[in-house]
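This structure is in structure tokens; I'll ask about it shortly.
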Amino acid sequence: MFRAAAPGQLRRAASLLRFQSTLVIAEHANDSLAPITLNTITAAGRLGGEVSCLVAGTKCDKVVQDLCKVAGVAKVLVAQHDAYKGLLPEELTPLILETQKQFSYTHICAGASAFGKNLLPRVAAKLNVAPVSDIIEIKSPDTFVRTIYAGNALCTVKCDEKVKVFSVRGTSFEAAATSGGSASSEKAPSSSSVGISEWLDQKLTKSDRPELTGAKVVVSGGRGLKSGENFKLLYDLADQLHAAVGASRAAVDAGFVPNDMQVGQTGKIVAPELYIAVGISGAIQHLAGMKDSKTIVAINKDPEAPIFQVADYGIVADLFKVVPEMTEILKKK
């Protein structure tokens, strides 16, 4: 039996929806927007109400122009100051608090990247609210879904905080269209520099390969490769597929590759069109970081390896024979 909602309840629900407003904290490198920000904008749009983006930094005019064209963005707030160089959370937090105070945003969010995970807990603490981390679905403006137990279970969280602060798993939401929008831009509210930390320098490793979290194809290796030198087999294969190269935690802990290549619960979350797992047994922590991939191919000589339980295609064979053969076949095409 269904019971109709009282008119007063419907009016309150409509009122709440009408007054929803979300502030997306843009992650960027001054001249380019981080892809996860586009996924976060899509998530923010599902809350209903107006979506604004806050861009803080130095010489970030191009990012502002690009954001104004993104579908679903109503307003871009801009704060340019040397204090925001490097997007330090200590400096960004007072700016976000002042912006929220002036515009009364009901939601504040960012991508669940190192940037967002570093910033949002501080913002939430200052607002005296509990943040919701790494959401994968939005059921309503106050109800979110996130994974627990290394991705083996889903947890639905109802948030009754006055301001909802949450981070968004980029792989769970489509990227917002980068054209079709016509947002206005204006200066963000001013805030005083905290001055307790200073951005000194950043050294980035440049690679011709795609960035791991944004690649359409990922080739990952595990402890089965036996050494860091043997990862050259994966690099050669990845070159033919225009793929990024990742690794399991076991391979990282063994010192085969640096930890910025780690895929998994404590590493990077990926969801490419094609994921090739080479010499990876399939610990649940690794599966949590790649199980949403569209197609998974596993290569392992152990037919009982857990990775085969999630793989769409499995090759039970010696990787030192199979991978070079795959590379040679691709070279001939």
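Cβ atoms are placed via backbone N, Cα and C, with glycine included.
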Looking at Lys139, Lys268, Lys291, which one is marked N6-acetyllysine in Swiss-Prot?
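That would be Lys139, per the N6-acetyllysine annotation in Swiss-Prot.
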Swiss-Prot annotates one residue of Lys85, Lys162 as N6-acetyllysine; which residue is it?
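With Swiss-Prot as the source, N6-acetyllysine is noted for Lys85.
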What residue among Lys117, Lys126, Lys232 has an entry for N6-acetyllysine in Swiss-Prot?
Lys232
Of the residues Lys62, Lys294, which is given the N6-acetyllysine tag by Swiss-Prot?
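Checked Swiss-Prot: the N6-acetyllysine annotation sits on Lys62.
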Among Lys59, Lys206, can you tell me which residue Swiss-Prot lists with the annotation N6-succinyllysine?
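So the answer, going by Swiss-Prot, is Lys59.
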Looking at Lys164, Lys321, which one is marked N6-acetyllysine in Swiss-Prot?
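Record annotation (Swiss-Prot, N6-acetyllysine): Lys164.
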Express the predicted model's confidence over the region 'Domain I' (20-204) as a mean pLDDT, rounded to an integer.
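The average pLDDT of the model in the region 'Domain I' (20-204) works out to 94.
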Relative to the Cα of Ser140 (phosphoserine), which of the modified residues Lys69, Lys101, Lys158 have a Cα no more than 10 Å away?
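For Ser140 (phosphoserine), the modified residues whose Cα atoms are within 10 Å come to Lys158.
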Counting across all protein chains shown, how many other Cβ atoms sit within 10 Å of the Cβ of Lys226 (N6-acetyllysine)?
16
Closest of the modified residues to Lys301 (N6-succinyllysine), Cα to Cα, picking from Lys59, Lys216, Lys232?
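If we rank Lys59, Lys216, Lys232 by Cα distance to Lys301 (N6-succinyllysine), first place goes to Lys232.
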Pick from Val263, Ala283, Leu319: which of these binding-site residues has the biggest number of other Cβ atoms within 10 Å of its Cβ?
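Answer by Cβ density within 10 Å: Val263.
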Tell me whether Lys164 (N6-acetyllysine) sits in a helix, a strand or coil according to DSSP.
strand
Can you count the other CB atoms that lie within 10 A of the CB of Lys216 (N6-succinyllysine)?
13
